[in-house]
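Per TrEMBL, these features apply:
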| type | residues | note |
| --- | --- | --- |
| DOMAIN | 7-281 | domain 'UvrD-like helicase ATP-binding' |
| BINDING | Ala28, Pro29, Pro30, Gly31, Ser32, Gly33, Lys34, Thr35 | ATP binding site |
| DOMAIN | 282-589 | domain 'UvrD-like helicase C-terminal' |
| REGION | 800-820 | region 'Disordered' |
| COMPBIAS | 800-809 | compositional bias 'Low complexity' |
| REGION | 916-950 | region 'Disordered' |
Amino acid sequence: MEAQLLDGLNAAQRAAVTSPAPVLQVLAPPGSGKTKTLTCRVAYQIAHHGLNPQNVICCTFTIKASREMRERLRGLVGCELEAKLVLGTFHSICRRYLVAYGHLIGIPKAFGIADSSDSLNIIKRIIKRLKLSIEPKAARSKISSHKARGKTLEDLPKTSQKHVEKQEFIAVFHEYETALATSKLLDYDDLLLRCVDLLRAYPGCVSNVEALLIDEFQDTNVVQFELMKLLASASRRITIVGDPDQSIYGFRSAEIENLRRMKAFYPETVVINLEENYRSASSVLRLAQDVIEQDTNRPPKRLKATHCHGTKPVLRRLPNPNEEALWIASEIKRMTVMAGGLLLHSDFAILLRSAFLSLLIEKALASSGIPYRMVGGQRFFDRIEIRIIVDYLRTISHPDNNQAFLAIINVPSRKVGEASIAELIKLGEERNLSLWTVVQKIVCGDLTPEKKLSKPSEQELRRLVTLIKTARQKMDSMMPAAAPSKLIDLVVKSLDFENYLKKKYKDDHEDRLENVKELVTHASEVLLQPSNEDQLAQIDGIEQQPSDGAHEVLAQFLANIVLSTNVNNSEDGNDKPRVTISTIHSSKGLEWPVVFIPAVYEGSIPHSRADDTDEERRLLYVAMTRAQALLTLTFPLTQSRDQLESSLTQFLPPKVHRHLAQVGPLFNDKTIADIASILRRPLPSQEDLVKSLEGITGGDSQIDDLWPSDGSRRPLAMLPTNGQMLPDFGRPLGEVLAAGQNQWSSNYPACSESHSLTEQSRAHELVTTMNNTAAFSTSSMSLGFTTASYQLQASNADAATSSSDTLPPQKKPKLSKSTSAQGNIASFFSKPNSQHTLPAELALPQVMRPTQMRQPLSGPTLSAMIPPVRRETGGSTIPSELSSHRLNFRNGIIYQGPKALKEASSQSRSKARYVNLYSSSPPPPDVGDEENGVLRQDGGEAASNPSDFTTRAAPLTNYILSRPAETMHKTSISSIGSAGYVSRASNMGARQKTLGVRRSLNGWDSRKNK
């Protein structure tokens, strides 16, 4: 049998299993087979050293871990020996000892367990009754924190009355403990604390323990460390398995120092390191190792990969959280398609530092049709219909449990109002009676409240009391194992529960009834469980309390519900593959083939409120080491629409970037073969791969090229036809498009040469006027965003009209000198497009071709993506009086003022009557000429007349981003044209009408003087 136990273990695991050391620390990094090693050591202790399974205690931190260990031990030592082991979580093991020996320290056998909601409700009522200002959740957390450090109410320091907050906390703590004692309840922390009290007072209760084994030791707190010493006080034979690099529960008072304390308390401790990793690709482990080694205080440990190098982890930069979520959904879809059936949706996990980050990701997955599940969603036993029945069972098991009785007193409705319930609670507190006792005395006529109950309410309460008493009497004659299921049937029939659900929950009562049936099935499984599961070994000289039959089985059934942290999702159709969304804390101990870690920026990880940076680093390390084959970290350059810039997390300094790729993996033959090897799955056939590619739609791509790798916004040709760029508030359109143009140049080198020629000719034209308020005008103002299709249309139209005929120069009219009191208003008018409608031959198709079929844009088209801006080489053309003028915004839209008066009908005039008040600056000449005295490319002097140049169509975004504006001012359009404005009508040679107003751009004051 020993050979079978050691079969398949590596050298370090074998040494840990067979070590003769009485006190052993096994330091096991992620994926090193720690559960297998611990299980084999338990079996080896029984088989080789002949230990009695009843005298071996195995402590885990989760129900899942204890069940997994039981299943493995069943295969190694058999069902009979496995059933005798004392195996479970710390809380469940402590409960066993308190049930068996708690009477020695005054704890009744029939004590109840107050779960988190019970504790919070008690505290809420205390705060309301005492009229305190402390937050209930904060008080609950603080009480739990004190108990986790082994402190009781008596240990709290006395404070002066000046410290109101501390005084309130002490008052709540005192009342909370009193309420628990009155209801004969213990909360989670009390289970550990009271067990410590028991073992200190009566160490003989554990004198039979021959070996103690503890999993996830790095997550133990002070009280659990003390329990370890007490449980192993007789034999001093301890084996712990842990990893200081995975200590991430400091907020629960976990003490990473317990590893060092253990070595100090037990000097004979032997340490064995497991180094070989059986989970992750070598590339993932290298990155994780570089991250965790930034903590110089950790003990030196290495991760040795057993898998191939695999694909490099990815650090993907995205513009903002919204596009980050969209990219993750797009990448999941691409990976599932390109892997040819090798990866299912259930192989993907998105691990979050904070739960609130899931909102955008959930929306992106849902909009992409990708099914997902939330880890830590509503538990089966938290559902309303299940909770009601469980509370009835809790009351039947323990009528003095005020929380349980209060939960059912008016469910279904017994016409007992809130005021009446408050009166009952007050009576109980004044007479130090439980709520159950108060109600019994009232219905028997032994007690009368100040506000007497109505007869219907009193009759309903009498029926409730009768139900509870009848159920408790029937338990005496029940077969113990059948008690839970029979009591559920009794409650359901007595309450006419099916009819209650139909009336209360008309839309989904059938689903709720199915949940109730599932509860009955769950309760019936007690018959199949060993009847001695909770029994401890008999100790000579110390008497255990005798079994209570059905009452004890019911108490055990309810305790298992309260202590369980499992999520039962079998009824939710979880057999369908789903992407997992989880917090990093909840992912501990789990693994997935593909892992995404969003929001790796300062403030998220490390969290802005985190006190321990080292623990935050370990948190990222834990998240990374959940990945088996592919790991992706995403970094949004901005955190929200307010465009606050993000800083990459300090845990990913430049020196680790050599282990990171900038874009998602290319799924070639080697990549797919590596994934199949790491996951130990069969390689998909070529037919599977070809068939899978049919899932690529018009907006998808076979490679990660839908977003620029540097995190800038997607260039226009990368956007699907129905895609919309999010507003880039505060950023000029020219800069946004320039970033897109630069990205095209880097992503498509074939275009770079032709693109650079045009870019050189325009490099001097891209300026911004906002740094010089005197040079700012609304004609150069941009809203900062546009749509993809319209901008591409503008680019094509721009290129098509770049060689249009030169307009004849206009004679510059004489202008009257403006007075100082009235500024020149020319800058308030934009230069309209010479072409308002797009020709049919330039219209875009409705559906864009897949990325792999798209052709690179030519140089002129690329250059047309950026609307040129005229350089101001001379002095400011805008008077100082108007340099600080701002447009009137209402509801995010430029207010355009009253409608203009209609002019005389003219077909040529009708298309030029709108004035764009906030379009981009007009295009400069396309032939290399520059205005305001700048030398031309041919070496000659530029024309001094601003009208002497060839015009091109401005991008259509000038019109798309704005609404046409009209004005009440009867200003001549042709006069504006002399300042650089060229209308379509003038292009056609039509004479402009002035409606009797003389052409002039001078202020009105100057006209009054004539």
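Each Cβ is built from the backbone N, Cα and C atoms, and glycine gets one as well.
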Gly31 (ATP binding site), number of other Cβ atoms within 10 Å: 23
Nonlocal residues around Gly33 (ATP binding site), in sequence order (Cβ under 8 Å, 6 or more apart): Asn10, Gln13, Leu274, Glu276, Tyr278
Under 8 Å by Cβ from Pro30 (ATP binding site), counting only residues of that chain that are 6 or more apart: Asp243, Gln246, Asn277, Arg279, Ser280, Ala288, Val622, Thr625, Arg626
Local Cβ density at Thr35 (ATP binding site) - other Cβ atoms counted within 10 Å: 17
Neighbouring C-beta atoms (10 Å sphere around the C-beta of Pro29 (ATP binding site)): 26
For Lys34 (ATP binding site), the number of other Cβ atoms found within 10 Å of its own Cβ: 22
Set of same-chain residues at least 6 away whose C-beta sits under 8 angstroms from Ala28 (ATP binding site): Lys34, Thr37, Val241, Gly242, Asp243, Leu274
